[in-house]
Amino acid sequence: MNNNSSSHISHIQSSYQHRPSQEDETNTVVDVDIHGDSKKSELPPSSLSSPPEIVTEQEPTERFSAVRRGILIFGIILAMFMISLNTTVIAPAMTIITTDLTDNISLQTWIATAYLLAFNIAMPLSGKFSDIFGRKPILVFGVFIFFIGSLVNALTPNMEGLIGGRTVQGLGGGCVMTIAYVLVPDLAPLHLRPRFQSGLTVIYGLASVVGTLIGGVFVQKLSWRWDFWLNLILGGTALIIITLLLKEPTVIQKTSFSSKLKRIDFLGAFLVITFVGCLLIALNFGQSYGWSNPHSFGPFIGAAISLVGLIIVEGWIASEPLLPPEIILNPTITIFYLYIICIGLGFIATLYYGPIMFQAVFGSDSTGSGVHLVPYMGCLIVASIGSGFALSHFPYVKFYLMLASVCNIIGFGLFHMVNEHSSWAQQSCYIMLCGFAFGLSQQNTIMGVQTVAPQKYIAVATSLTNFFMMLACSIGVAICQTMFSLFLSHELTLIDPEVLAIAHQYGADTNYLYLKNMPAESQQPMIHAYMQVVRNVFIMPLVAAGVGVICACAAKNTRFGAKKGANNANNSKDDYNLEKVLSTTAESVIA
């Protein structure tokens, strides 16, 4: 931003602070675009009942040399890669780990569930905590406890220790993922932010895909414990870089630690933890015990009660809410959250059930199924990096979301044409469009939320974006698994009893990995059954893609780099008037 623009903004802000409160006075705001140019724009007197806070997209207050910023971004990306990798790297080793550490095979699912549970809990909390304690302490804390959790897992002699270590890892991972995205507006110049956001999206997608490949290699060539030893290398390097090079980018109130503790919405935090915990436990138990079992619907009831309590506390009781109504009740931001939920449902279905199809139907091993996802990953990278550059020149978020939605629904639609006789190109390339869609979607949704959200709520709004996507992934896994079990039971009833008896003998009726052990002449009916099951499972992401199209069409045409006048920070929560705030937002952010 040039000096003239900066002085012009300061002059307007100073003039505003000393002007009389007159309803017939015209409200003047500053439109700062991504290249630093500024211009005045007039708002009608009726747009607000009281003067708006002038909020512009700010350049980072801390100036970094290019080399220092590059090394620091590398450290943050390394931490992001580490926590994203651990979402999937453990998948090929889960059965072996369970066999090595315990005789209770039912504990296997908790290897993944413990991580996701803690991960989802940490995300909405860490955004608010970073506003109170600072970005750097929360990020360093996240990387450090992830490091400790990995060390526990690498050395543990029993399953209880592993589940505990995975829980600690999840808490650290949730903090890292949230603060990594929150730091982008704090560290990067305005015109470079889309590129840094695209880098984080690429790393998240890349790590999620290659995680199964790396995990498979470790299991086959070394030991499953290397899934965690690797984290010590990555986490240690990231921790050193971040600790040495990152200076606190935000202005934190100079108050005592006890005063900061008093700002924490402990009741809201407890209800968030209870809601997320009960919901994910219910989803896990539903797959294990059945959805009508008390083990399943009991936690669902607990989640519902916690959600009602959370709404009451955040809306009427908390003085500094963990989930501010100004964010949750903002229709523009809510549309973005609904959109990212749809994207998360499609992403997790592709990531988990694409490889299942490649292994069950086309006979790939765990490494080969990962190779089939390379086109998906390639398109994700191209779309993410490409849109990061394009957003600097065509800064309208809605365009990218609509393009992604169309690609998503076409990709999942074409996927339903795949059968057991499809070529390798058809198997892999139909979902390329879905990778392209995800590459466009995640970062642009975050950019849209950050553009619309009031400046003081950037961290909270960003953390909730990632929270809703990861929560959608957790729910999506449960939905897909339930659909898989139901459709498999149906398809098995259509198979010749003699073939089914052979499949049962080899265990292929319950585990697709045993199909290759069956006699060749008996495999085809079972392969066809599994193909039908996977195609039916992909109805869920197709429906989610359809809802995503509706959300993209309903989204405001927000312009990146032109955020202003979204909220009057001086209004009390009781006086908060959403309609009037949104009327100003519509004037100031719609292209």
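Counting begins at 1 with the first residue displayed.
Placed from the backbone N, Cα and C atoms, the Cβ positions cover glycine too.
Feature annotations, courtesy of TrEMBL:
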COMPBIAS  1-18  compositional bias 'Low complexity'
COMPBIAS  32-42  compositional bias 'Basic and acidic residues'
COMPBIAS  43-53  compositional bias 'Low complexity'
DOMAIN    72-547  domain 'Major facilitator superfamily (MFS) profile'
REGION    1-60  region 'Disordered'
TRANSMEM  71-97  transmembrane segment
TRANSMEM  109-126  transmembrane segment
TRANSMEM  138-156  transmembrane segment
TRANSMEM  168-188  transmembrane segment
TRANSMEM  200-222  transmembrane segment
TRANSMEM  228-246  transmembrane segment
TRANSMEM  266-285  transmembrane segment
TRANSMEM  329-353  transmembrane segment
TRANSMEM  373-392  transmembrane segment
TRANSMEM  399-418  transmembrane segment
TRANSMEM  457-484  transmembrane segment
TRANSMEM  533-555  transmembrane segment
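Below 8 A, the CB atoms of the transmembrane segment (329-353) and the transmembrane segment (266-285) form no more than two pairs separated by six or more positions in the chain, fewer than 3 in all. The stretch in closest packing with the transmembrane segment (71-97), judged by the count of Cβ pairs under 8 Å and taken from 109-126, 200-222, 266-285, 399-418, 457-484, is 200-222. Taking residue pairs at least 6 apart in sequence, the transmembrane segment (168-188) and the transmembrane segment (266-285) share fewer than three C-beta contacts under 8 angstroms.
Taking the domain 'Major facilitator superfamily (MFS) profile' (72-547) as a whole, pLDDT averages 83 in the prediction.
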